[in-house]
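Annotation comment: Swiss-Prot describes 419-426, 465-469, 519-522 as GTP binding site. Taken from Swiss-Prot, the feature compositional bias 'Basic and acidic residues' applies to 51-62, 81-91, 99-158, 165-250, 261-276, 289-300. The compositional bias 'Basic residues' annotation in Swiss-Prot covers 277-288, 301-310. Sequence annotations record features per position, and here Swiss-Prot assigns region 'Disordered' to 51-322. What Swiss-Prot records for 419-426 is region 'G1', and it gives similarity to another entry as the kind of evidence. Per Swiss-Prot, the feature region 'G4' maps to 519-522.
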Amino acid sequence: MADLSVKQLAIEVGTPVDRLVQQFKDAGLNKDADAMVTEHEKQALLEHLKKQHGADNAEPKRMTLQRKTKGTLSVPGAGGKNKEVQIEVRKSKTYVHRSVIDEAQQQKEAEEKARQEAEKTRQEELAKAEQARKDAEAKARKEAEEKARKEAEARKQSTEAAADDAAKSPDEKARKVKAEADKRADENAKREAEALRKKQEEEAQRKTELEAQRKTELEAQRIAEEARRLAVENEGRWAAEEEARRRAELTDDVGEAASKFVKEAEAERERQDESKGRRRTGVVKAKKSPHEEAREERNSRARKGKRAKVHTPNSMQHGFQKPAQPVNRDIVVGETISVGELAQKMAVKAVEVIKVMMKMGAMATINQIIDQETAQLVAEEMGHKVTLRRENELEEAVLQDRDSTATREGRAPVVTIMGHVDHGKTSLLDYIRKAKVASGEAGGITQHIGAYHVDTENGSITFLDTPGHAAFTAMRARGAQATDIVVLVVAADDGVMPQTVEAIQHAKAAGVPIVVAVNKVDKPDADPDRVMNELTRYSVIPEEWGGENQFVKVSAKSGEGIDNLLNAILLQSEVLELGAVRDAMASGVVIESRLDKGRGPVATVLVQEGTLHQGDIVLCGFEYGRVRAMRDELGRSIDAAGPSIPVEILGLSGVPSAGDEATVVRDEKKAREVALYRQGKFRDVKLARQQKAKLENMFANMTEGEVSELNVVLKADVQGSVEAIADSLNKLSTDEVKVRIIGSGVGGITETDASLAAASNAIVLGFNVRADASARKIIESESIDLRYYSVIYDLIDEVRQAMSGMLAPEYKQQIIGLAEVRDVFRSPKFGAVAGCMVTEGTVKRNSPIRVLRDNVVIYEGELESLRRFKDDVPEVKNGYECGIAVKNYNDVRPGDQIEVYETVEIQRTL
């Protein structure tokens, strides 16, 4: 706020100028009417006025509020009549000013600080005393050593002198006496030095203990004084708390007094029942009522000095009356709801809801999630009124809180290159970009959506390169939805192929104009006219023939017709009048996403509206986050990206799904809430859409256990490849073998993936990714089948072979020989023995046989004996005679035929 003069301030606060000047003067500020007043001077004046009027002591430090609530309590009385009892409930609540709490906290901190300082001082004193004791000991030891050294020197000198005297004197006895005297003198000197040292040590220790005791007594006195001061200060607060506790006890006594009438009524009724029973059955032993027993127990506890609440049972009569007719309710149903929650809203048992659903043809459990439409039908069937609720109000509010008032400007067209596999889409784009991208694609085919921004002489164009393989249908559809113009590439030597037709269908479904590029016109067998004729069958008619589609003949190898193609694209964009808001919050679509090992989740976003800046908060499907970094298609860091510009963004919470809308929002907290709501909604809707266990398909569910399953853990480098491969593998499933993808994701193969594959007996497929060291260790120890691929054809073919190996084998009976019965003989060992001539193939003894009579099978069994002459033989070939005994069959007649066959296993394929 700008500074004001005294006169202006007086007008603003509504006081006379003279009075305001006097107040400034009282506050120690000399001001006249025209002087300027600063914020600091205003604050000083305000503090002076507060002190003058006693504002510091005006507000209370503690306030107690008392509340009385009056009501009535209906209790049963004598004769079955209810009696109204007036009751009053008193409550009190004490509020303490924040300054009191702050002062107590500051006081506590000061006490703790003083205690720490005292402890520190005591430790320092103890350390000093210990150091002094050590110094005294060292000094005493040094003095004793010095004294002993001097005495030793003196003794040595005296000993030498005595030795000289002894040498001179012939008296040996005098020398010995002198030596003993020296020895005693040495010992006396040592004892005196030791006694002196001990005395000095004891004196130093005594001084240290006295000093520590004095410090401890001083600290105890200070703490006692502090406790007395706190007791004096908190005496009022403790009194208020005691008063509040007393009032609470008084309230409990009032409640007990109010319930006294209930207890007395119960006792009166029980006494009446006892008197009636006594009149009917005679004398009955007197029995105390529960109220009397409770009263005696309470009195006994009161005598012991203990206070306890006694809970007495109320009347056994139910207060609930069954409704005379069904109650129709107004219920609110969200987008998904469980059967149990729906039953709770309708106030019925869940079993009743399940019965109604079974009558309507659907089976459900109590915890099963059902959709909004099903819940509405069930509730209306049971007679309730249903209100449908939208749960995405927060999401709509967040997405509508955007800048949309800016003017629209022209933008570059977004062009998608589509066509059949290996028709030259990426090579055509390479020539335009002057970069060799096709060589970087595995197998020479595009397996990702590549987004590129190209600046030409006539304007800028953004290209999206889509795959042509059949497995990448979703990626092509995604590219068509995010584009303005579709360039349909058709090889002049190959013509219209299945993916060409599919690309036309995607473009027409998205309502996008098509520009046809007839590629490979430089080949000798190129036939552009045939391509034009074939495309007319799919409503793609050249302008030369009266249609709306431009046809351009190009060669991605030589560059022929490239400029004409770019001019055709720019001409088509001018017709469309493309525009976008540039100075606004950005929005776009996720073209591709992946998990980078060093950078985390990376999403390729095509900006469609506004400008995306580094640091913006992006809501993208189930994920959200702040844009930490942005890179263009060449890997260069950029700070902003306008409309029709593809960028890679880093900073999302997870890998978004390709095709999700990316929107810049204002609040990161709300973005997180919307993302979590979308995740929960997706999970509930997925559960609600699962196939319901209806009565008519129960038998089909019973036979599912016979189907073999191939468990697969799939990891790829980008999200689009995961979707395409998973869709292709699911399409390989048959009635006998099913592909079950138990785990899929973006990024390298981790230890978790390997553990999952080991637990579920699955194979691990890696598409342009590799396993880390920990995962390889588990794969080797568990003998898991791990395979790497870089081309989708190889992956699908090998999975198909693995599924073929899981098919149940097929068995076929193959006839290997035929013998005609010429005569029948009798044998005591075998019974009837047929004398036969082998007419076809070979008759083998261990093979099963059939007996035919008039070309009709009359018996099926096995041979018991096969002989030629009298020798047992393993087989008899065509043109030879033999004797055949059929096991457990004696009705063989001449003219019968014995057919020999074997069962052959045939391996099946998908």
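Backbone N, Cα and C define each Cβ position, glycine as well.
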Exercise. Could you tell me the mean pLDDT over the region 'G1' (419-426), as a whole number?
Key: 80
Quiz item: Which bits of the chain, at least 6 residues beyond where the region 'G4' (519-522) starts or stops, bring a Cβ under 8 A of a Cβ in it?
Solution: 423-424, 428, 489-494, 528, 553-558, 560-561
Exercise. Tell me whether D422 (GTP binding site) sits in a helix, a strand or coil according to DSSP.
Key: coil
Quiz item: Least buried of the binding-site residues G419, D422, K425, V521, going by other Cβ atoms within 10 Å?
Solution: D422
